[in-house]
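Colleague: Have a look at this one.
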Amino acid sequence: MNKFKCLKSTFSLLQVTIMAKRNLADYKTFNRVLEESKIIVALTGAGVSAESGIGTFRGPGGLWRTHRAVDLASPLAFRANPALVWEFYHWRREVAFAAHPNNGHIALAKYEKKCKEQGRSFTIITQNVDGLHRRAGSENIIELHGNLTKVICTKCKFIEVKENNPICEALRGRGDPSQKDADVPEIPLSELPKCSACGALARPYIVWFGESLDPDILDQARTLVETCDLFLVIGTSSVVYPAASFAPFVVERGKPVAEFNIDEEPASANFQFHFPGKCGSTLPKTLGIDI
Ligand code: BV8
Ligand code: ZN
């Protein structure tokens, strides 16, 4: 009986040391892999903007009034009530325009610059539409799901940047999440944002659920996923496709994936590295960037 007990304790001690050894090595090993990589890709999600005060989709910020963001981010919702969806995106624009890049965004931008000086490539593939990576100084950015500063015409498909806030007079002072839909007057269709080319109704240039991504943008992203040496997965729950298919594809290629997420547990056991904690702190540390 005693022999079995001490065997058990030795085994669990062994387990802990391996884990501890692996975690420790993670930083050293990660740094070696990072410095040796020529083509690095970082996939980012709402978590990288959380410390800038922008709510995540599945976190507490995922609700606007009584609506789930995923329910309003759909062509059906826009067809049914374009004024309500515009009021939602007007609020998202106000929040994003008032926000500032955090140390996570800045570390990624600075590391991109370092790579450029060393003749290596560093590209961000983002699911975020808040534009904070560009404002942090990143240049190589693929915006998979669009951008809040852009609109597209529902008729002639003309795409234009509209950074004026509010985007139209009828949305001034609107969008307050604490209000109830019933308590705010309906905005007539004629007063919603218009296409500068043909005057028809314009909609946010955002990829909504059930809509395909821009094929050129998807191709650019897929080419990087197929050729990168190292793939970083930052602040994303990895549930929305096709973005969620990228990291498993890199794992299948036998290339290292490193995850940065507030969650203690890695989203996948196949990721070689997992750095738990707020990415505003873990990214500068692991990328060796002084902020
Ligand atoms: C399409 C713009 C062709 C809108 C967005 C295959 C299987 C199953 C379903 C599908 C499939 N293929 C297609 C689908 C349907 C659908 C889909 O994936 N559904 C999911 C819900 C299952 N995909 C589509 O519809 C796509 N189109 O495939 O077209 C087609 C169509 C139909 C059917 C077949 C094929 C279009 C998807 C794009 C939709 N638009 N955004 C807007 O922003 O308003 S997606 C939107 O949600 C975001 O862009 C992002 O992609 C996603 C939210 O995810 P995250 O960013 O990860 O945010 P989340 O809150 O979930 O997680 C935050 C994470 O950060 C957490 O892990 C948290 O722990 C962590 N975190 C928090 N704070 C911190 C932190 N980490 C570090 N530091 C911190 N401080
Ligand atoms: Zn038009």
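Placement of Cβ uses the backbone N, Cα and C atoms for every residue, glycine included.
Predicted automatically and left uncurated, TrEMBL annotations should be read as such.
Pasting the feature list from TrEMBL:
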ACT_SITE  HIS145  active site, proton acceptor
BINDING   45-64, 127-130, 235-237, 261-263, CYS279  NAD(+) binding site
BINDING   TYR89, ARG92  substrate binding site
BINDING   CYS153, CYS156, CYS195, CYS198  Zn(2+) binding site
DOMAIN    20-291  domain 'Deacetylase sirtuin-type'
Colleague: Reduced to three states, what secondary structure does DSSP give CYS153 (Zn(2+) binding site)?
Modeller: strand
Colleague: Under 6 Å from ligand 1 by Cβ, which binding-site residues from GLY45, GLY53, GLY235?
Modeller: GLY45, GLY235
Colleague: Just name the most isolated of the binding-site residues GLY45, GLY53, GLY235, going by other Cβ atoms within 10 Å of its Cβ.
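Modeller: Minimum Cβ neighbour count within 10 Å, taken over the binding-site residues GLY45, GLY53, GLY235, occurs at GLY53.
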Colleague: Tell me, how many other CB atoms lie within 10 A of the CB of ARG92 (substrate binding site), whichever protein chain they belong to?
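Modeller: I count 22 other Cβ atoms within 10 Å of it.
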Colleague: Among TYR89, CYS153, CYS195, these being the binding-site residues, pick the one whose CA is nearest to that of GLY235 (NAD(+) binding site).
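Modeller: When the Cα distances are compared, TYR89 comes out closest.
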Colleague: In whole Å, how far does the CA atom of CYS198 (Zn(2+) binding site) lie from that of GLN127 (NAD(+) binding site)?
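Modeller: Counting only the Cα atoms, the answer is 30 Å.
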Colleague: By the count of other Cβ atoms within 10 Å, pick out the sparsest of the binding-site residues PHE57, TYR89.
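Modeller: Counting other Cβ atoms within 10 Å of each of the binding-site residues PHE57, TYR89, the minimum falls on PHE57.
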Colleague: Distance check, please: Cα of CYS156 (Zn(2+) binding site) against Cα of the residue listed as 'active site, proton acceptor', rounded to an integer number of angstrom.
Modeller: 20
Colleague: Of the binding-site residues TYR89, ARG92, CYS153, CYS195, which sits closest to GLY53 (NAD(+) binding site) by Cα distance?
Modeller: ARG92
Colleague: At the level of the C-alpha atoms, what whole-angstrom distance separates ILE262 (NAD(+) binding site) and the residue listed as 'active site, proton acceptor'?
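Modeller: So the alpha carbons of ILE262 (NAD(+) binding site) and the residue listed as 'active site, proton acceptor' sit roughly 23 Å from each other.
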Colleague: Does CYS195 (Zn(2+) binding site) have same-chain partners at least 6 apart in sequence with Cβ under 8 Å from its own Cβ, and which are they?
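Modeller: Expected: VAL151, CYS153, THR154, LYS155, CYS156, PHE158, GLU160, LEU201, ALA202.
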Colleague: What other residues of the same chain, not counting CYS153, CYS156, CYS195, CYS198, have a CB atom within 8 A of the CB centroid of the Zn(2+) site?
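Modeller: Not counting the recorded site residues, we get THR154, LYS155, LYS157, PHE158, SER196, ALA197, GLY199, ALA200, ALA202.
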Colleague: Please list the recorded positions from TYR89, HIS145, CYS198, GLY235, ILE262 whose Cβ falls under 6 Å of any atom in ligand 2.
Modeller: CYS198
